[in-house]
Each structure stands twice: as C-alpha cells, then as structure tokens.
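S.K.: Here it is, the structure, as structure tokens.
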Amino acid sequence: MNMKLNKSSIFDSHGPMVTTSLLNGKVSGVLNWNNIAYPQMYDLYNVLLSNFWKAQEINMQDDIKQWETLSEKEKSTFLQINAQLAALDSIQTPVMYHVLEYVTDPSFKAIFAIISQQEAVHNESYSYILSSLIPLQEQHKWFENAKNDPLVNKRNAFIMEGYNAFLQEPTVENILKLAVYSIVLEGIYFYSGFAFFYHLSRKQKMVKTSTMISYIQRDELQHAYFMSQFVRIVRKENAELITPEVDEWIKNTIMRGVELEKEWSTYILFSVEGIEMDEFHAYLEYLGNKRLRQLDLPNAYKDNSNPMPWIQVYDDQKINETKSDFFEQKSRSYAKVSSLNGFDEL
C-alpha cells in the first residue's frame, strides 16, 4: 500500500496539541516544544540553532592574497567544485519547503524550515567565495559549466528522479524515498568537494575557505542525521514499510550514491597531487556504511573505519565537537546540546 499524503493544515482549533502521527495525522498546529511527540527533536532543533553562522563573518582577505599563488590546476578545480556544490545546494532549499507542507508534526515542520534556511546560507557561501576571488563574468561561466556538466547532471538526475517522484505523487513511500535520496546528497555527494578544500588547507592554502566548508559540513551532517531519524520514524509509524524489500532498496540507493560519487571524484580529483583515489573511494564506502548505520541497517562494505588518516581532523565527529572563531583559526569547544552530538557512533 502506498498511501497518498495530504498537505497538513496550518491551524485546526479542534485538533490535539500533540500530533497523532508524523504524516497524515491530526494536530492543532500550535507548537509547544515542551509537549511534542518526539522530544529528541527539541535537542536537534537547538543543535541546528547553535550552529548559526553567516558567510560574511568569515574574512576572506588571506585567501584573496593567496589565490594567485595557486597553480592553474588548483584554481580550475577549486572553481569547478565550488560551482558544483552550489548547484547541489540549490536543490535543497525548495525541496525542504515542499516536504514541510506534507508533514503533520509542527516540531518537524520547524526543523525542515531551519534546514531550508541553512541550505540557502550554504548556497550564498559558495557565491561569497567566488565573489571574493574572481570577476562576475567569470563566476557566471563556472556556474554555467556546473549546470551543463554531463557528469554533474548524471549525479543530479539520480537524486532528482526521487525528488520529482514525490513532487508529482506525494505518498508515504515517496516521501520516505525522498529522505533517503537527501541523505545521499548531503551525506555522500558533498564529500569529494569537501575533501579537495581540506586537502588545500592541510597544505596551508585557502584556509578561510576550508573553514567555511567545515561549517557547511557540520550543518550537512546534522541534516543527514535528521533525515535518518525521519526515515526511521516514518517506518515505525507505517509498518508496511518495515520489510526486507524496503531495507534492500535503501541499501542499494546508498550504494548507488557511493558509486556515483566515486565516478565524480575520479573525474575531479584524479590529477590532484596528494589524494590517492583508491584510498578516497574506500573513504566514500566508509561514509556509505555510516549512513546505513544511521538508518539502523548493517554495513554494505567490509571496512568501516576511516581509511584516510589526513582527513581525520575534518571527520564528521571532529567537526561536530569544535567550532572555529570566525576571525582566527583557533578552535574553541562549543556547547554540546545533547547526546545527539555523538550520533556517528550509531
């Protein structure tokens, strides 16, 4: 059975204060964070708020001075990845808004709204980086290249197929699948791009850019975690989705995302000195295992430890533990709101 989803009402004076179900439920629409169906969502809400940042608060002067010292290959890879990441983030802001309309639980609506806003910040950040480094006409060229790149479009088509299926036919099964595709996008697709900027940073190049990327990654890992919780709750509330067939579909979707990212990383990172592709592909499999565990599913790949020692400092868990001051590269601990901060151990 693939139950149709109805858009939730904004306010119903006859509805209960606590939603009867996450999807197609009854609720007044009044949000009292002290009285919600899934109290852990308040913890996640606060984690997302504590991560608040703006691109303009990161001073790009050091990177501007250093830009001309990069090799032509480093520059072109930098610009290509920046525009490609912006293209991916452009998808997320409107999609999260559409999902929000079909979710009954007001606490989940609030979190989807924050995620949508954060994706808009990420998108602006890539524009901010480019505007700091190259003229407007050149920026246009790189965004056009990203929009028309066949390999970028191949990766995006995999995600958009699932997104469009939900937009055209909003059902419980399709919103579940959309959430899994979102996990692929935010929890796997971004990481080849992130790795390049971190690779530059470990050589003390474009450190301010990598700082901004670390903030984006910190947000994305929380988004992927939230989506994994969303999937698990939807399945718990809809027993017909707790089947070996659905488990297999989720596993295959995550693995397909890993394979597409391997293909992209080979294309974009192959000639980057200091990044071994076999090692990086194993890293993507490591990420695939993490995403599956977040979904309460077993590993799909043999080795589930991080195979790239140099990227350990930028690992999800490390980024979740620290926050850098905007105007200097010293790290400072920031308040752990709850045990959710350790979710990568799931």
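Cβ coordinates come from backbone N, Cα and C, glycine included.
All TrEMBL annotations are machine predictions without curation.
The feature active site is assigned by TrEMBL to Tyr126. Summarising the annotation, TrEMBL assigns Fe cation 1 binding site to Asp89, Glu119, His122. According to TrEMBL, the feature Fe cation 2 binding site maps to Glu119, Glu186, Glu220, His223. For 178-198, the entry in TrEMBL reads transmembrane segment.
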S.K.: May I ask which of the recorded positions Asp89, Glu119, His122, Tyr126 is closest to His223 (Fe cation 2 binding site) if we compare their C-alpha atoms?
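M.R.: Of all the candidates listed, Glu119 is nearest in space.
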S.K.: So if I measure Cβ to Cβ from Asp89 (Fe cation 1 binding site) and keep only same-chain residues at least 6 apart in sequence, which ones fall under 8 Å?
M.R.: Glu119, His122, Asn123, Tyr126
S.K.: List the residues in the vicinity of the Fe cation 1 site, defined as same-chain residues other than Asp89, Glu119, His122 with C-beta within 8 angstroms of the site's C-beta centre.
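M.R.: Near the Fe cation 1 site, beyond Asp89, Glu119, His122, sit Ala86, Leu88, Ser90, Gln92, Thr93, Gln118, Ala120, Val121, Asn123, Ser125, Ile216.
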S.K.: What does DSSP say about Glu220 (Fe cation 2 binding site): helix, strand or coil?
M.R.: helix
S.K.: For Glu186 (Fe cation 2 binding site), list the number of other Cβ atoms lying within 10 Å of its Cβ atom.
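M.R.: Summing over all protein chains shown, Glu186 (Fe cation 2 binding site) has 27 other Cβ atoms within 10 Å.
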S.K.: Mind giving me a neighbour count for Glu119 (Fe cation 1 binding site)? Other Cβ atoms within 10 Å of its Cβ, every protein chain shown.
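M.R.: By my count, 25.
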S.K.: For His223 (Fe cation 2 binding site), list the number of other Cβ atoms lying within 10 Å of its Cβ atom.
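M.R.: For His223 (Fe cation 2 binding site), the 10 Å Cβ neighbour count is 24.
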S.K.: If you draw a 10 Å sphere around the Cβ of His122 (Fe cation 1 binding site), how many other Cβ atoms fall inside it, taking every protein chain shown into account?
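M.R.: Excluding its own Cβ, His122 (Fe cation 1 binding site) sees 26 Cβ atoms within 10 Å.
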